[in-house]
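Visitor: This is the structure I have questions about; it appears just below.
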Amino acid sequence: MIALKPNAVRTFRQVQHCSFRICRYQSTKSNKCLTPLQEYDRLVKLGKLRDDTYQRGIISSLGDLYDSLVKYVPPVVKTPNAVDQVGGWLNGLKSVFSRGKPKNIGAYVDVSKIGNSIPRGVYLYGDVGCGKTMLMDLFYTTIPNHLTKKRIHFHQFMQYVHKRSHEIVREQNLKELGDAKGKEIDTVPFLAAEIANNSHVLCFDEFQVTDVADAMILRRLMTALLSDDYGVVLFATSNRHPDELYINGVQRQSFIPCIELIKHRTKVIFLNSPTDYRKIPRPVSSVYYFPSDTSIKYASKECKTRRETHIKEWYNYFAQASHTDDSTDSHTVHKTFYDYPLTIWGREFKVPKCTPPRVAQFTFKQLCGEPLAAGDYLTLAKNFEAFIVTDIPYLSIYVRDEVRRFITFLDAVYDSGGKLATTGAADFSSLFVEPEQILNDFELRPTTKEPDSVDTGMVDEMVEKHGFSKEIAKKSQMFALDEERFAFARALSRLSQMSSTDWVTKPTY
């Protein structure tokens, strides 16, 4: 294995921050003019990707969508009149029983009567590690430059939808609505218009629906966006076939028309690659520090010195600015803030140490010991490119809330392409133990007890169905619920990927 030293890639980061600073979640126009297959061949030639016959076939099928986009002229979408949208969500109910005007945005539609004026998008589904996200990201870079585009993780998109809905209500001047003053405004038409104008091509990563509120607003929003009037082209990745979205959900029958519309507006492709790309050996960098020598205790002076050195090196590396100051003989300049105020959903959140927007540093207790939610972690991931998390203790099912928060944080950082460096009691595959094994946060009790037997059937299922390694699948068995087991196993898989040289040195989106 090759250990990546911070100084070894310092020059790359300086060049990277000078020349490549694109926010992943804002609409942008592509500067590329290559087809998806040409871009794939280019990356293979550079050694960035392995040539895979199966994936090459999938990419070839994306050529039809690319050709359609080259010739596509999206419709002009006008911002709706606030007066016409008074009545809020009740308008959606009225539309089910009435054919009258004004036309309701996002009402039920008969897919058999929909035209073909919009290019048919792609819905790519398959197991973890089969390359779905890579294929979508590759296609995203080749979208013709006359079209706007947005690439976003689905959870973050729904966070945006809910937050933007509240903002739209505040922005509308109800004083000018006459008799409608004080009444609720239907925000879906405003959202649909904004998204359609900023995202002619909308790319969702990890499309999934688990919440009834999300399902109902998504039904109306997608019905509008995928209509001829709005003309948005959808590219989505998911672990599930469209027919399995929101399965067993509350009021699912109301969501089925949305599923049918997605199937009509996209080409559904099952990605069943024989290669799990997360299992391909990569050089591991030294971003995660733990006492590799069992004779050295975490609280010892020697270990403390090593931890502090590790943190300092990686903080300075992540914090490199995108410019230099001539007065300092071209040394990198950056400023460190303590208790830095960050506004999250209208409240102030203090980051213990950071160099915005490069890096933020927390102890594990500060990050996961407090009652933070997904929205908090998504905001952090949006505002910082890298994170350092120190003093990660041994964890067990007795601190399930902290484990869940850490997994939620990790998902947010991973989905934004962020970097991570840590210090902890042990390597991540050994951090999660049985409660009786823990002596204190950073020490285990001496034991000669044989490990508990695991359900080999469940282990085999996770290996075969989801593509996890057998070691990761075994570790996940300490959790009782299937959802927890899957989330834990995915977290270990992602942590391994995030420790690779490729991940640490890739441009931050």
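Heads up, the Cβ atoms here are built off N, Cα and C, so glycines get one too.
Sharing the features that Swiss-Prot gives for it:
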| type | residues | note |
| --- | --- | --- |
| BINDING | Gly126, Asp127, Val128, Gly129, Cys130, Gly131, Lys132, Thr133 | ATP binding site |
Visitor: Over all shown protein chains, what is the count of other CB atoms within 10 A of the CB belonging to Gly126 (ATP binding site)?
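Guide: I count 21 other Cβ atoms within 10 Å of it.
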Visitor: Specify the count of other C-beta atoms within 10 Å of the C-beta of Lys132 (ATP binding site).
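Guide: So the number of other Cβ atoms within 10 Å of Lys132 (ATP binding site) is 23.
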Visitor: Could you find out if DSSP has Thr133 (ATP binding site) as helix, strand or coil?
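Guide: In the DSSP reduction, Thr133 (ATP binding site) maps to helix.
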Visitor: So how many other Cβ atoms are close to Thr133 (ATP binding site), meaning within 10 Å of its Cβ?
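Guide: The Cβ of Thr133 (ATP binding site) has 18 Cβ neighbours within 10 Å.
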